């Protein structure tokens, strides 16, 4: 079966676009892996000692789900297995739902919890945030559950219209690159938010955040005088009295004559 010159040109364009998409994935995923490796020591020092509370669970989920998503990208590579288009579509939807969507959702939850704590849990602000988030989530989910047939028809019509209006050689590479960038950048920003909030030295912020996300801060944590705290709790002791340079009080059995004349040692100094 011979191909016409137009078909050969079209296949060449599709192959070129496919390579560009793969290089885009490789670039953004390499950036994320580089970020992960360079911040691993910070994660070990800041997050691993924490107990498994809301903050640590969100951090681990947001940080490691993109890595799992990158592993599933291998499904999109060229394989020598005969898969029907329906199976490929179902696999892609399953991975998108369990990785990309849940990672973005967890990042949004982390942001809402941080705002909840930083606003001192005021009911007016919290109610507004919860109402907006609930409305957006339900508005996006309910139509697909209750009106799946009508929604799918609308999506098919919208896709057909977009394909019709799009030029033949336009494969929307910028849109795909922006989508991958969004899925990579949002988890990074959410993880940085959790780490910086845990590392902050502001007592008010640490108290507000730690009561919800992390362990409550200990009273002596991150204080400059923590090395001298054992000395404060020691038993008070009497200090040696001095009348002047070289004029020291005598031993425990008595006092020096010059100290007695000067009246030194009547009011012992206590540390």
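Cβ coordinates are placed from backbone N, Cα and C, and glycine is handled just like the others.
Per TrEMBL, the feature compositional bias 'Basic and acidic residues' maps to 249-258.
A Cβ distance under 8 Å defines the sequence-distant neighbours of the domain 'DUF6533' (30-68), meaning residues of its chain 6+ beyond its ends; these are 99, 102-103, 106-107, 109-110, 113, 183-184, 187-188, 190-191, 194-195, 198-199, 209, 212-215. For 30-68, the entry in TrEMBL reads domain 'DUF6533'.
The region 'Disordered' annotation in TrEMBL covers 213-271.
Under the heading transmembrane segment, TrEMBL lists 57-81 (among others).
The feature transmembrane segment is assigned by TrEMBL to 101-119 (among others).
Taken from TrEMBL, the feature transmembrane segment covers 126-145 (among others).
Annotation comment: TrEMBL describes 175-195 (among others) as transmembrane segment.
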Mean predicted confidence [pLDDT] for the domain 'DUF6533' (30-68): 87
Residues in the domain 'DUF6533' (30-68) grouped by DSSP into helix, strand and remaining coil: 31 helix, 0 strand, 8 coil
